[in-house]
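**Student:** Pasting in a structure now, in structure tokens, and then I'll have a few things to ask.
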Amino acid sequence: MSDTIENQVRGPKRRIEDLTADEIKAATGAILLADGSVFLGKGAGASGIATGELCFNTAMTGHQEILADPSYAGQIVCFTFPHVGNVGANVQDEEAASEPARKAAVGMVSRAPITAPASWRAEQSFDEWLAARGVIAVTGLDTRTLTRRIRQDGMPMVAIAHARDGKLDLDALAKLAHDAPGMEGRELTRAVTGAAAADWQSADWAWPEGYAQGPKDGPKVVVLDYGVKANILRRLAGAGACVHVMPGSSTAQDVLAEKPAGVVVSNGPGDPAETGKFALDTIRGVIEAGIPVLGICLGHQMLALAVGATTVKMTQGHHGANHPVKNISSGQVEIVSMNHGFAVDRDTLPTNAKETHVSLFDGTNCGFMLTDKPVYSVQHHPEASPGPQDSFAVFETFVTSL
Ligand SMILES: NC(=O)CC[C@H](N)C(=O)O
């Protein structure tokens, strides 16, 4: 009986010993979970083996932007939308703002084989893009079972493998998954931050012109880069800022020497508490100098840590492009893009912090501002890419306040 309920909720758990020789022979791709369960499929994209935290993402489009988001470094994305690849891939939709930031998601899982592109913007098939990017993919899996498992039990550490010759060492993969370090306590931003400070030029995309040029004059905004998404930079430029990107290792003195009108603390991968060990001094120095600060996602979490709050690991995390978030001051609901596995514990926010946004999926904190300093912060991705543009105004509000 309990097995039936277990099977209904999580899907049947299959271990290596439950597989038939024919199934193993037919497979060129596999996912092994840390709990010993196995999912076989067809390999796609890059061949090889990777380990990472497996999360599910519910976006129906924008799969290139998702896998190119450096916040996904160290993670493998299971798309719940069955068809992936319909629009192919193109350079204009790149989300890495620097060369190191190209090391984003390490793996991808989808239900159907990757579709041939059917978009006038496609320059490459999605399969070719994955291969060029080093993203290992497995298709033909029961992604509903995998997703239900993640919903019930949380995001597991997994090993993903694509062997073109079909030679999959499932026992070795099971051991890799079992031994893989979890996301808590992992610092991943140093691998995806840009190596040197640089000005950023391009602004919002429009048809048929493509990307506009950012302004020549305008308030200078320094972006602390922990693996910043390019669309955050484009949106800041589109809102009228002259954007200067600095490595996440910059000190407060480095930042203040630029005489910024405002500072943005970027998104990024890994555990905010771990990155906070070297980033909080910089963030606190900027807040104390009275410079307006905007935090996004990892930046939001680290701003919360900088003012004395704590962050917690979420069970399933929020990954998708249709998450409802309530803006507490306006009462409006914004449908937003999300990608986070940690959250700010609202009960630990100090008395000079006012909660500004809340997730309508699970009530977790999605934003705060300080009442005595110009500090604003959101957990979701107001730059979208992919996703709805309901929160684009976050950038205009910030830049016009400078
Ligand atoms: N998109 C992000 O910045 C992610 C922040 C953090 N790594 C998390 O998973 O919660």
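Every residue gets a Cβ built from N, Cα and C, even glycine.
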**Student:** For the L-glutamine site that TrEMBL assigns to G268, G270, L298, Q301, N339, G341, F342, which of S71, S98, S110 is also named?
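**Tutor:** Answer per TrEMBL: S71.
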**Student:** Centre the Cβ atoms of S71, G268, G270, L298, Q301, N339, G341, F342, go out 8 Å, and tell me which other residues of that chain have a Cβ in range of the L-glutamine site.
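**Tutor:** Here the non-site neighbours turn out to be N267, P269, D271, P272, C297, H340.
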**Student:** Can you tell me the mean pLDDT for the domain 'Carbamoyl-phosphate synthase small subunit N-terminal' (27-161)?
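**Tutor:** Taking every residue of the domain 'Carbamoyl-phosphate synthase small subunit N-terminal' (27-161) together, the mean pLDDT is 96.
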**Student:** On a C-alpha basis, identify the one among C297, H381, E383 that is nearest to G341 (L-glutamine binding site); the candidates are the active-site residues.
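**Tutor:** Given the candidates C297, H381, E383, the nearest one is C297.
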**Student:** Would you give the longest CA-CA distance, in whole angstrom, between residues of S71, G268, G270, L298, Q301, N339, G341, F342, the set recorded as binding L-glutamine?
**Tutor:** 13
**Student:** Could you tell me how many residues in the domain 'Carbamoyl-phosphate synthase small subunit N-terminal' (27-161) are helical, how many are strand and how many are coil under DSSP?
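**Tutor:** Tallying H, G and I as helix, E and B as strand, the rest coil: 33 helix, 46 strand, 56 coil.
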